[in-house]
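The feature domain 'Rhodanese' is assigned by TrEMBL to 20-143. Taken from TrEMBL, the feature active site, S-selanylcysteine intermediate applies to 103.
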């Protein structure tokens, strides 16, 4: 198990399983450009080299070899630069005494960081093999989890509140939460989506935790297409989901419109206002709705797109002026009936899994424990 005691100097580790099961804080000393391409949920970027310095050293390595690259790195690490790095690292170490540091392969950047910290009185362990080993571990565990965990798929038409139900039920994973996207054409959320690598890492960790905490227990997943926004589910996982048992969540159109108003208007606007303030938040929110409708204009056809645009513009104006959100209801109802429902009906026909239960939210909640044992 990964040690967390602070009474003595801790050793370096390759106990990747404990790191992810326990959400142990990680200090990623790779450059920001590397971090942005992919890291881990518990990682914080505290780079030893900025992007420009990394580029210079990389070029030097290719042209003049490793010794020259190391020498250049030492030249770039001026007294001021070193002091800035140490100040930031020491803050992380004090805040997360149980954590570990890592670079790409657990090589020079990790060891130099570790050396500087130790010399300043803050010994801190590193992860053997670095990011590359951690990433390899999660890729392998993702494949194993997909193979071993029995899936149950919660399906249902758009607006039935599948995600809300997933969040309320045990033995489940919110895939849309991992992707920070509501999974439909109007599903964009504030903050954007994680990189594909970040999404895969989040998914692998979530599956890993389920597998170790609840061995043999089925896992409830929301029915998703291959893409959740721009985050792609592994093909092996999609194939298994297509063949897994189905629970169908069914709600009336009236209830679905209410849920649509909450998800895509009330909740969405609240996220933007929290981030940008009331005025700019509303502008970002309304532009997002208009942009989402524009992106499906070809499927709607020119005349129908214009009709729905008129409804949307009136609804936005009424919302802005009077605070009334019911103006969106005709738009939501039309899109559900004429755009989303036909797609859902077709996709349901393609499923290979058995429908083991169907009903509204309350009925599913009441029967859930029994369904897990089927």
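Any Cβ shown, glycine's included, is placed from N, Cα and C.
Curation does not apply to TrEMBL; its annotations are automatic.
The average pLDDT computed over the domain 'Rhodanese' (20-143) stands at 93. Its own atom aside, the Cβ of residue 103 (active site, S-selanylcysteine intermediate) has 27 Cβ atoms within 10 angstroms in the protein chains shown. DSSP states for the domain 'Rhodanese' (20-143), grouped as helix (H, G, I), strand (E, B) and coil, give 76 helix, 11 strand, 37 coil.
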